[in-house]
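According to Swiss-Prot, the features are:
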type	residues	note
BINDING	His2	Ni(2+) binding site
BINDING	Cys73, Cys76, Cys89, Cys92	Zn(2+) binding site
Amino acid sequence: MHEMALTQNIIEIVEEQCRRNHVNKVTDIWLEIGPLSCVEPDAITFCFDVYSKDTVMENCKIHFIPVPALAYCWHCEKTVKIKTHHDACPECGGVHLQKQGGDELRIKEIAVE
């Protein structure tokens, strides 16, 4: 479960920002997550609840913002939405796609008191 390491990294980043900005309490965190990221939001939430104990993020709520997976089709020359790494172009059925997003897991926003 690589979500454990990802969650620890998220916590480290948020803690560093809190130190820099003299913040004592984080109430909400919004994460952008793409369908190609291979990350399970439920696993992130579970790990976050465990690792955030006794930190400025204890009882913080995690929100997930879905980011579409886009790819450029070399056959029909269109940018299309895809759902998995192995999708064909939904417009023409072409298989030569260049992914242009959808694999991200990014901290978008942090709400503090």
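The backbone N, Cα and C atoms fix where each Cβ goes, and this holds for glycine too.
Note: the Cα of Cys92 (Zn(2+) binding site) and the Cα of the residue listed as 'Ni(2+) binding site' are spaced 35 Å from each other.
Those same-chain residues not listed among Cys73, Cys76, Cys89, Cys92 yet with C-beta within 8 angstroms of the centroid of the Zn(2+) site C-beta atoms are Trp74, His75, Glu77, Lys78, Val80, Pro90, Glu91, Gly93, Gly94, Leu97.
A gap of 29 Å separates the Cα atoms of Cys89 (Zn(2+) binding site) and the residue listed as 'Ni(2+) binding site'. Counting only the Cα atoms, the space from Cys73 (Zn(2+) binding site) to the residue listed as 'Ni(2+) binding site' is about 30 angstrom.
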